[in-house]
Amino acid sequence: MAVKSLSIEKQMRSARRAFDDATEEMIKHAESLGIETVFNRQAKYDESFLGIEKSRCYFGASGVCCRQCVMGPCRIWLEDMPMIYRLSAAKLNKGTCGASVDTIVARNLLMMVGRGTAAHASHALHVASTLLKTAQNKTPYKIKEPEKLRSIAAKLDIDAAQGTESAAIEAASTAISDLVHDKSAMKFATSYCPASTGKTLLGLGAIPGSVGSELLAEGHETSMGTMADPVSLILHAARLGVADIASLIISSEFQDVLFGIPAPVQSKIGFRVLDANKVNVVIHGHVPLLSEKLVELSEDEELLKSAKASGASGINIVGCCCTGNEVLMRHGVPLAGSNLQQELVIATGLVEAFVADIQCIYPNVENVAEKFHTKIITTMKEARLPGALHIPFQEEYADEAARRILETAVANFQKRGKNTYLPKGEPKNLIAGFSVETCLGVLSKINPADPLKPLIDNIVSGNIYGAVLLAGCTSSKVTADASHVTIAKALMKQNVLVIATGCAAQACARAGLLTPDASQYAGDRLKGVLGLLGETAGLGKPLPPVWHFGSCVDNGRVVILAGALSEKLGVPVKDLPIAASAAEWMTEKAAAIGTGAVALGLTVHLGVTPPVIGSPAVVSLLTQKSEELFGGKFIVEVDPVKAAQLLLEHIKEKRRKLGLAI
Ligand code: NFS
Ligand code: SF4
């Protein structure tokens, strides 16, 4: 991608704020009540004067603002800045200390990737220590999938014959040491990385030590007057990206061990999954440790009895964001919304308790809840809100915390006011619960001896032209969901299999793309494959053209699948006809996953411009040089139609190089 074609373009947004009618209706309803949400705040920030956004700072958006020390803040003069910024900046291409624009941009990016990695590693640590304590019989959880534990043990060279508990203790301890001890190579990175990729990473010095030591070094390097070499800073970001993906794998694999491997499940998405007759509990966040217990306890006789005594017909648990994805894929719990809908879900007036664990929780949920009876309940020490009720979650006492939360929700039912509202239209049906194991299970019905072969045959013939992972968030900077949906439809039409995770999967679900019917949008060749797989799976209908692979941490599953394909074919990941797209990304976590994916050899599309364009050197490292070094690169394209074309061209190029039908 030409460096100069990157600029701070206005993001693509139509007059609509959300692609989904129900969301659009709820935004209007919230406005009519004087409730402010992410959508109004975005609009305020987007207001412009003489064609220039008044409140999004050009320096910050370009990544050239440095606040590393108090001789600053320093902001670097950019030739192509709008006049208003040129008037307010010193005509200097260095900070007060002399830091170059490349140093400043690279340093800012590394810090962003660092925060994302810290979030995922902290999640992984919670899950690993729960597995450890469970194996030591100190929690109310059980090891649900000893078979999965054995496959993890095999990867890590742990002797599974020592028995489930001992193997679990060893696997969990390996993960904990990968996360917080001082070591030279993360075992989960080296063990799960396909051999060819591992070799490249090793050669580049991009195999991470423990996440803790990498983050310590990151904090040190980015402090004032320390690392000034942009290439070293970006390489460190790549190393942290790999550590991030290894952390995702820890969470995803251990969650399967504790809670079960997802299998295809039918459910629904939309505001109307809230039930006016029941006690509604929204579970929001990312770690399924508490939410598993809430789902389990929602059937508890005593709690149901008190719910009924309050006049409710039952307890209705619904999901939001990635905690929602976790309980959806394992229990079919319906989804109320993604990150952008969290305030609107409360604005229905129907929520008795809004329970948050960690990450992607908008602090404003408290202000929305104040207008209603809704209790916001925080549970984790990392994510408290100043006015929320805090019911601390500890894995040893998970049952007690879950009971207290549901009791609070039930007691709140009678306080529900009259001001309730649900938008028109039924919730959308969806199928979720894809995992590597599910895929192999279906494929092994076609070829028991060699399950990956049917998949490979279809890729070779072009029935499956390629595969693209739609990952990451939904963003108010674009028309919410529209970028994901546009790209998904354009790709499936060209016989590209679409896999989706996180809020991107929910965006596709809201557009009805997670249903067998949606296979009508697929090209004929892909439609044939989906039909055959659906029959084989015993669905009696085609598989959906978008496969919901779980939450954002389940991007780890996709990396494992890509690795398996790569090893089976003897083709490095970077040469496979696959790519990823984070069309509406917004979090640091997405930056970390994307950087890790590029380091592993994947090409990753970004539909929202990253804050790096102030440095042509950094842009070139991310979009060009990374391909020479790692085999993967970023493509930045805000127009989803053009983005789909670029992704297709990328796949075509890879097919051509492999000598496959194009
Ligand atoms: Ni991923 Fe999931 Fe959603 Fe984005 Fe946030 S909930 S972890 S970060 S916004 S997809
Ligand atoms: Fe300015 Fe340098 Fe301090 Fe950054 S570290 S704020 S560029 S003086």
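Numbers run from 1 along the shown chain.
Glycine is treated like the rest: Cβ placed from N, Cα and C.
All annotation found in TrEMBL is predicted automatically rather than curated by experts.
Together with Cys66, Cys69, Cys74, the [4Fe-4S] cluster 2 site in TrEMBL holds one more listed residue from Cys57, Cys97, which is Cys97. The record from TrEMBL ties Cys322, Cys360, Cys473, Cys503, Cys552 to [Ni-4Fe-4S] cluster, and of the options His236, His284, His286, His605 it ties His286 to that site too. Proximity of the binding-site residues Cys66, Cys69, His286, Cys322, Cys473 to ligand 2, judged by a Cβ distance under 6 angstroms to any of its atoms, singles out Cys66, Cys69 in sequence order.
Spatially close to His286 ([Ni-4Fe-4S] cluster binding site) yet at least six residues away along the chain are His123, Cys321, Cys322, Thr323, Glu326, Asp357, Ile358, Gln359, Cys360, Ser551, Cys552, Val553, judged by Cβ distances under 8 angstroms. The DSSP secondary structure for Cys66 ([4Fe-4S] cluster 2 binding site) is strand. Residue with the densest Cβ environment among the binding-site residues Cys66, Cys97, Cys322, Cys503: Cys503, by other Cβ atoms within 10 Å. With every protein chain in view, the residue among the binding-site residues Cys57, Cys69, Cys74, Cys473, Cys552 whose Cβ has the most Cβ partners within 10 Å turns out to be Cys552. The 10 Å shell around the Cβ of Cys65 ([4Fe-4S] cluster 1 binding site) contains 21 further Cβ atoms across the protein chains shown.
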